[in-house]
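J.: Look at Swiss-Prot and you will find Gly10, Ile11, Gly12, Lys13, Ser14, Thr15, Lys39, Asn180, Arg181 tagged as ATP binding site, backed by sequence analysis. The annotation Mg(2+) binding site is assigned in Swiss-Prot to Ser14 on the grounds of sequence analysis. Residues or ranges marked as [4Fe-4S] cluster binding site by Swiss-Prot on the basis of sequence analysis: Cys95, Cys129.
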Amino acid sequence: MKIAVYGKGGIGKSTTSCNISIALARRGKKVLQIGCDPKHDSTFTLTGFLIPTIIDTLQSKDYHYEDVWPEDVIYKGYGGVDCVEAGGPPAGAGCGGYVVGETVKLLKELNAFYEYDVILFDVLGDVVCGGFAAPLNYADYCIIITDNGFDALFAANRIAASVREKARTHPLRLAGLVGNRTSKRDLIDKYVEACPMPVLEVLPLIEDIRVSRVKGKTLFEMVETEKSLNYVCEFYLNIADQLLARPEGVVPNEVPDRELFSLLSDFYLNPVNTSNESTNSSIEANQEVESSFLII
């Protein structure tokens, strides 16, 4: 199974990807996570350091693939998850899609691409040009990471459009959305009502999820010394279980941009004000109590 993880920049894709990778490994699967970002920090919480990229390694070997060994590019991470960082071209030059293609080509040369039960591509931001949409060419499923915010859902909609386009020529399906670190999900529900797709999980606003990234650890590693975080790991295990069940997934029909803009902005500007309703109910109740005292 091959999974591509997308989402708005800074939404927590890498943190989520690393925890999902470990959750899949905990279910007995052999997992490889491939970071597809020039920052090459996708696997940081799995390995604890920034591992050398495939592009760096190929450059050092003058692009002689026959001189590259698996241990030159594949690093063992926490929980038995293998890690690869594709890297990227110099800033302002080259194409990220080419880098992803070279990464897959090298892994095939090393007979490593087909050795894993699950390969997870963690892809740069919400850039869905032909280059950074390249991992969708290899994926069985796409997962979109979002939160309950306007910008993240707008990006999710553009990614959904890319999935639909790639699904024309590849056996690709959208497995669903994952809400990350959000105290509410009303806007997520509003979006999936307009653009039907599964919601695999919504992780609550837990500060330890953000802190884990700073510590360079996954939640699964942190729970070894902080048992109170065990319940957080269950969210990722639930996502893993759904993926391993080989869901049918969907080919999404994205909402037109202007229509989505109106839908989401209207939800912000004209929210259902339940707080006012509850306040009015409290006032009415107090008035009834006061009246009863007057009668007595």
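Each residue, glycine too, has its Cβ placed from N, Cα and C.
Each of the listed features needs to be described in terms of its position in the shown structure.
T.: Less than 8 angstroms from the CB of Ser14 (ATP binding site) sit Gly35, Asp37, Asp41, Ser42, Thr43, Phe44, Thr45, Asp122, Arg213, each of them six or more residues away in the same chain. For the recorded site, Ser14 (ATP binding site), the DSSP three-state label reads helix.
The local packing around Cys95 ([4Fe-4S] cluster binding site), expressed as other Cβ atoms within 10 Å of its Cβ over all shown chains, amounts to 15.
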J.: Just to be sure I understand the packing, how many Cβ atoms besides its own are within 10 Å of the Cβ of Arg181 (ATP binding site)?
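T.: 19, counting other Cβ atoms within 10 Å of Arg181 (ATP binding site).
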J.: Fewest other C-beta atoms within 10 angstroms of its own C-beta: which of the binding-site residues Gly10, Gly12 fits that?
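T.: Counting other Cβ atoms within 10 Å of each of the binding-site residues Gly10, Gly12, the minimum falls on Gly10.
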